[in-house]
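The annotation disulfide bond is assigned in TrEMBL to 183-200. Among the features that TrEMBL reports, domain 'EGF-like' is placed at 3-44, 48-90, 91-130, 131-169, 172-215, 216-253, 259-301, 302-344.
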C-alpha cells in the first residue's frame with residue numbers, strides 16, 4: 001500500500017506555513033510542527049517564544065538580549081563586539097585603534113578605555129591632554145630662591161641672582177669670598193654678605209665720607225668713652241683708655257679704671273720704708289713713719305728715746321731704772337727694789353712684803369712657817385720690825401732668835417737622821 005505524502009501531494013505544506021509551522025509527513029497522515037523559537041497556542045497557531053523574558057538565551061553580561069520572531073539575538077554593549085567563534089560579546093581593545101593623543105598612555109578597560117596623561121599634562125575630559133602649568137598651580141618643586149618657568153609637559157627652575165644651584169636647591173653666593181676686590185679694594189671697608197646679595201660697609205671705627213671713602217672716627221671727641229680716671233687716646237679705627245697714675249683697669253679689655261691700693265697689692269712694691277705705715281688714698285698713697293721712728297715715710301730712722309738731746313732719760317725711767325734704746329722703742333732696766341710695769345714701761349716699786357720677806361723659811365719640810373716680825377714696805381726697799389725677843393738677821397734676811405735657831409738645828413739633825 002502506498003503512503004501518501006500529504007505535505008507535498010495534498011498541499012498541506014502551505015497550510016502548515018500559515019500556522020508558522022512546517023509540515024512533517026507521517027505514515028498515513030502529517031503533522032504541523034512549530035519552527036524553533038515558536039510554540040503552539042491554544043488555536044493551534046505557533047506563536048513566538050520571548051527568550052529574553054523567559055531567560056532562555058545565552059547572552060552574557062556584556063550584551064543585551066533582543067527578542068526576534070522565532071529567536072533572539074545578543075546585542076553587544078558599547079565597547080564590545082560579537083564573537084562568532086565564542087558566541088558571546090568580547091571586549092574591544094580601543095588602544096589598538098590609537099584613540100589617545102601622544103601626551104597620554106592608553107589603558108584598555110572592560111568595555112572602554114582611558115587615556116592617562118603623562119606627567120606635566122592634565123586630562124580635558126575628552127580623552128585628550130593639555131599642558132599643566134605647574135608654576136601657576138604652585139605644584140612645582142622650585143627653591144624659594146629660584147623662579148619657575150613653565151615648559152610643555154614640565155617646568156624649569158632657575159636660581160635667582162645671587163644664588164647658585166640646580167633651581168631645586170639654590171645656595172647663597174658669598175660674593176665677598178669669591179671676589180676680594182668687590183668693594184673696590186678699600187682697606188677700611190668691609191664686604192658683608194647678605195642673602196642673595198652683599199653690602200660694602202665701613203669697618204668699625206670708620207664712617208663713609210662724601211667721596212665714598214671710609215675715614216677714621218675720633219671716638220674720644222665724639223663719644224668720650226673713657227671714665228674720669230683715664231685718658232682717651234684715638235687710634236686708627238678705634239681708641240684706647242689709658243689709666244692715669246694710681247689707677248689700673250679691672251680687666252685688660254675694660255675701659256673702667258679703678259684705684260690701685262698700693263698698700264695691699266702684694267704684686268707690686270710701694271715707696272714706703274719698712275718702718276713706715278702705708279695709707280691708701282684715691283689714686284695715690286701716703287707713707288708715714290711708725291711710732292718710734294722719724295723721717296718722710298720713704299726713709300725712716302729709729303728715734304733714740306734715751307738720748308738726752310731728744311728727751312730726758314731720767315724722766316722716761318723716773319730715776320728708778322736705766323733707759324735702754326731698742327728699735328722703734330726703749331725699755332727701762334729697773335734698779336733693785338723696782339720692777340717693770342707691763343702697761344706703762346715704767347719702773348714701779350716692788351712690794352717685797354708680798355713675797356714674805358720677813359718670814360722664816362720652813363723649819364721642817366712639809367710644815368708651815370711662823371712669822372717673827374712685821375714687814376714694812378718702802379719705796380725701793382722694805383724693813384722688818386722684829387717682835388720682842390727676835391732680831392733681824394742680815395745674812396738670812398728675816399727675824400731670828402735663839403729659840404728659833406735651836407729648833408732649826410734640832411729639826412735639821414732630826415731630818416738628816418730620818
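The backbone N, Cα and C atoms fix where each Cβ goes, and this holds for glycine too.
Curation plays no part in TrEMBL annotations; they are all automatic predictions.
Quick caveat, the model's predicted, so the values are computed rather than measured.
Note: the domain 'EGF-like' (302-344) comprises 5 helix, 16 strand, 22 coil (DSSP; helix = H, G, I, strand = E, B). Counting every protein chain shown, the number of other Cβ atoms lying within 10 Å of the Cβ of residue 200 (disulfide bond) is 16.
Taking the Cβ of residue 183 (disulfide bond) as reference, residues of its chain lying under 8 Å away and at least six apart in sequence are, in sequence order, 189, 190, 191, 200. Per DSSP, the secondary structure of the domain 'EGF-like' (131-169) breaks down as 4 helix, 16 strand, 19 coil. In terms of DSSP secondary structure, the domain 'EGF-like' (172-215) contains 4 helix, 18 strand, 22 coil. Nonlocal intrachain contacts for the domain 'EGF-like' (259-301), taken as residues 6+ away from its ends with a CB within less than 8 angstroms of a stretch CB, comprise 229, 244-248, 327-329. When Cβ-Cβ distances below 8 Å are used as the criterion, the domain 'EGF-like' (172-215) is approached by residues 145, 160-164, 236-239 of the same chain, each at least six residues removed from its ends. Residue counts for the domain 'EGF-like' (48-90) under DSSP (helix as H, G, I; strand as E, B; rest coil) come to 0 helix, 20 strand, 23 coil.
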